[in-house]
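Undergrad: Dropping a structure here in structure tokens format, bear with me for questions.
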Amino acid sequence: MWYQSMLVAMVLLLCPSPWEISGQGRMGMSVVDAVTQQDLYNLMDTLFTGYKPEVRPTTAGEATYVYVGIYLLSIQNLDEKSQVLETSIIMDADWVDDYLSWNSSAYGNVTYFLYPQKKVWLPDIVIENSVESQRQLGYDENVVLVDESGLVNWKPSQVIKTGCDIDVTYYPFDTQKCKIIVSTWMSTKDDIDIDPESGSSGLLLDRYSVSGTWELISNELENLPTERGLTRIQFTLKLKRLRTFYILNIILPVLFLSFTASMVFFLPADAGEKIGMGITVLLAYAVYLTIIADNMPQTSLQVSYLAVYLTILLGLTALGVVLAVVVLHIHHKSDDCKISKRTEKITRKLRTLLRINRISMETQGEPEHGQAQKRTPLTKAMDKSGQHKKSLSAITPLNDNVNFSPPPSYKDDKEEITWPKVAETVDRVMFFLTSLLIAMVTIIFLPILALGGS
């Protein structure tokens, strides 16, 4: 039966395996049987015998051209206070290694293989504007793909932190421009020349996940001038802040507070809550100003319009507290302190202009002491008698010798001005003036924020 076993073995050697039919195998080989594995071992021995990853792989001595593209995976965070952009990226770099090319037909048609990155030459590419300590991209266990022409493809993934100049002028309706600069660490242009991938115009967004805080409006690619002999390329991201969160948590509460800032002057002095209400609104503005200051970089190069707006409202509210103290002082002045003619005249005109003159036709016929007389049957009869005499006097000529005097109920219609009324008038004037100022400041600053940041 030994010849049957020999026949089966010969059939297995001559017939193609399923891996040969599919054209692919493990480790990028077209066949994966014992013979192909041996060819791969032979290829590795041939390529890496005497190979030194520290030596730049060129036989002619010309510069090694490295073509770089960056896949943007996500925007992790943009810290305005520390001015740092944190992104997750995959760098796609290609170059030709003259020492790693072979004839695939001589090694079982192996066209490519994967190999640990620490065992092949890698360009000293770094993120130039990184705020972290510079280190080699990728990690030792990461692999590179090498094909038969010597083309090496390297795709290290990493979370990088780069510096970003934050402009807080239109916060929170701002748009920021952040940069990612790729350059060599020590190799000059004569050794390594970095160029963008063919057809690339910016960051590659095929794998990008949308951020919940920032909207990526555009990204650009630019070749920077050579600096100290180093080649550099720059990726620029234009980010627009998503506004819904800030409108609901900052803008609308500030607007609501601005309506209450002037109400301290509408509160009657007798209520006893004017100072408490003013200080409460003042503290609320101070809290929001502190929150905004905590989210902004400590710089004097730009000034946030929102911070200026809140500071103005804070100043108006502080002025309101001071004036509320003055109003209470006027309201509780003693009656022994006489009101000057000028103060009385101005107060009377303002009360007439603001329509807070409380005199009415019902009070014009009251006695001098301002107390209504009790209506009794006797007084009612006297009133009727007086009315009858008045009607007779209208048709009967009066004797010139009779002294006629007006009824005792007649008096001037001018309102008596007291210190509480002076305080009330000052309150009403300050209410309208403060409301007007707050409305003007709001109308000026909010459109600047909304339109300037777009």
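Glycine residues also receive a Cβ, built from the backbone N, Cα and C atoms like all the rest.
TrEMBL annotations: computationally assigned, not manually curated.
Predicted, not measured: the structure shown is a model, and the values here were computed from it.
As annotated in TrEMBL:
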{"type": "SIGNAL", "residues": "1-23", "note": "signal peptide"}
{"type": "DOMAIN", "residues": "42-241", "note": "domain 'Neurotransmitter-gated ion-channel ligand-binding'"}
{"type": "TRANSMEM", "residues": "245-268", "note": "transmembrane segment"}
{"type": "DOMAIN", "residues": "250-389", "note": "domain 'Neurotransmitter-gated ion-channel transmembrane'"}
{"type": "TRANSMEM", "residues": "275-293", "note": "transmembrane segment"}
{"type": "TRANSMEM", "residues": "305-330", "note": "transmembrane segment"}
{"type": "REGION", "residues": "364-383", "note": "region 'Disordered'"}
{"type": "TRANSMEM", "residues": "429-451", "note": "transmembrane segment"}
Undergrad: Counting CB pairs under 8 Å, which listed stretch among 245-268, 275-293, 429-451 touches the transmembrane segment (305-330) the most?
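TA: Per the Cβ under 8 Å count, 275-293.
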Undergrad: Restricting to the domain 'Neurotransmitter-gated ion-channel ligand-binding' (42-241), what is the model's mean pLDDT?
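TA: Mean pLDDT across the domain 'Neurotransmitter-gated ion-channel ligand-binding' (42-241) comes out at 91.
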Undergrad: Within the same chain, where does the transmembrane segment (275-293) have neighbours whose Cβ lies under 8 angstroms from its own Cβ atoms, ignoring anything closer than 6 residues to its ends? I mean 6 or more beyond.
TA: 171, 250, 253-254, 257, 260-261, 263-264, 267, 304, 306-307, 310-311, 313-314, 317-318, 320-321, 324-325, 328
Undergrad: Residues of the same chain, at least six outside the transmembrane segment (429-451), with any C-beta under 8 angstroms of its C-beta?
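TA: Residues packing against the transmembrane segment (429-451) from afar: 170, 173, 251, 255, 258-259, 261-263, 265-266, 305-306, 308-309, 312-313, 316, 320, 323, 327, 350, 354.
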